[in-house]
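Before any comments, here is the structure.
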Amino acid sequence: MEGALAANWSAEAANASAAPPGAEGNRTAGPPRRNEALARVEVAVLCLILLLALSGNACVLLALRTTRQKHSRLFFFMKHLSIADLVVAVFQVLPQLLWDITFRFYGPDLLCRLVKYLQVVGMFASTYLLLLMSLDRCLAICQPLRSLRRRTDRLAVLATWLGCLVASAPQVHIFSLREVADGVFDCWAVFIQPWGPKAYITWITLAVYIVPVIVLAACYGLISFKIWQNLRLKTAAAAAAEAPEGAAAGDGGRVALARVSSVKLISKAKIRTVKMTFIIVLAFIVCWTPFFFVQMWSVWDANAPKEASAFIIVMLLASLNSCCNPWIYMLFTGHLFHELVQRFLCCSASYLKGRRLGETSASKKSNSSSFVLSHRSSSQRSCSQPSTA
């Protein structure tokens, strides 16, 4: 049921098209059918994901635009991660939703290749911008004096977007509009070698999931160690401050006290941002693990239940990661959304006040005009009456 997959590449289509292009073994005589009940579930799930991703990330971008702290490095990375999640919603979830509604891809070959290319761009961008944000937090905690400057941040984000555009290029060559049955065309993958689907999906799994997760684990391992070390220093500083003066009178006591006081302790704000990025990473792992597990299973096991409902629905849930991130931002940076709500309420109040003033002014003009007209008409009537003398 190739049209029901929410993946950026169709595992079933890949398996079906493993033979050389033009081979007749991949075509069927009659028109393929699908489970309409399952298709309705897929459409409902994708509609919900699309609505949540669009509304949530649009609110994040609007909140970041209206906040007073526009030059925060964390907010800079949040902005680009929200843009990447919007790319996932618009160019991955929306095309798949339309595809599930129509069952077949209706469009030219160029559109087929473009859609499949943009679907993977969103995946790569969302993953590697999250990785870049985590590296930034790691540098901010472990080496605050060497943390990236604003210009370097922009260059790193630009390089990440360009790298994602390049890494997604194989999609253009793999997918094309081809005949899958007599007179039936669809946007399917074509692999020249039988091992092509295994190699390609394994590479995507390594590039988008396994390698980033390893790097993220290393980053947060270093961050955890640094925070633990910092807590020890805070405890030592508190103990040194409470100790009697005579206890630190010796040279060793003075050296230890100087060492503790010279260490720059990590602020609570930095720890809060680390918690936020850690939860985002955890959501990334939870959302993507079932998807890649199912993808690898589908190409490495010939007996995988590719038509099972649970198997297909799991593939749809990968895009949930783009829905989760805005709620995580709201949890840890609630002031952003509070400012957005306040701005919205102020604008609404100003609009309603202006509208009431406009209506009042129009009403006064109307009353004044009616008074003048009635006064004139009464004057004319009094002048036109004949004299009784």
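Every residue, even glycine, has its Cβ placed from backbone N, Cα and C.
Here CYS187 is paired by Swiss-Prot through a disulfide bond, and of CYS59, CYS112, CYS138, CYS287 its partner is CYS112.
The membrane topology recorded in Swiss-Prot keeps LEU233 and THR333 together on one side. Within the same chain, the transmembrane segment (276-294) packs against the transmembrane segment (114-135): three or more Cβ pairs sit under 8 Å, each pair at least 6 residues apart. Of the disulfide-bonded residues CYS112, CYS187, CYS187 has the largest number of other Cβ atoms within 10 Å of its own Cβ. Cβ atoms under 8 Å from those of the transmembrane segment (39-63) belong to residues 3-4, 6, 78-79, 82-83, 85-86, 88-90, 93-94, 96-97, 100-101, 103, 309, 312-313, 316-317, 319-320, 322-323, 325-327, 329, 336-337, 339-340 of the same chain, restricted to positions at least 6 beyond its ends. Counted over residue pairs separated by six or more positions, the transmembrane segment (310-332) shares fewer than 3 Cβ pairs under 8 angstroms with the transmembrane segment (155-175), which leaves the two as not touching. Through the fold, the transmembrane segment (114-135) approaches residues 8-9, 74, 77-78, 80-81, 84-85, 87-88, 91-92, 95-96, 107, 156-157, 160-161, 163-165, 167-169, 171-172, 174-175, 187, 204, 207-209, 212, 215-216, 219-220, 277, 280-281, 284, 321-322 of its own chain, all at least 6 residues removed from its boundaries and within a Cβ separation under 8 Å. Residues 5-6, 8, 43, 46-47, 49-50, 53-54, 57-58, 60-61, 64, 67, 69, 115, 118-119, 121-123, 125-126, 129-130, 132-133, 136, 150, 153, 157, 161, 319, 321-322, 325-326, 329, 333 of the same chain lie 6 or more positions beyond the ends of the transmembrane segment (75-97) yet place their CB under 8 Å from a CB of it.
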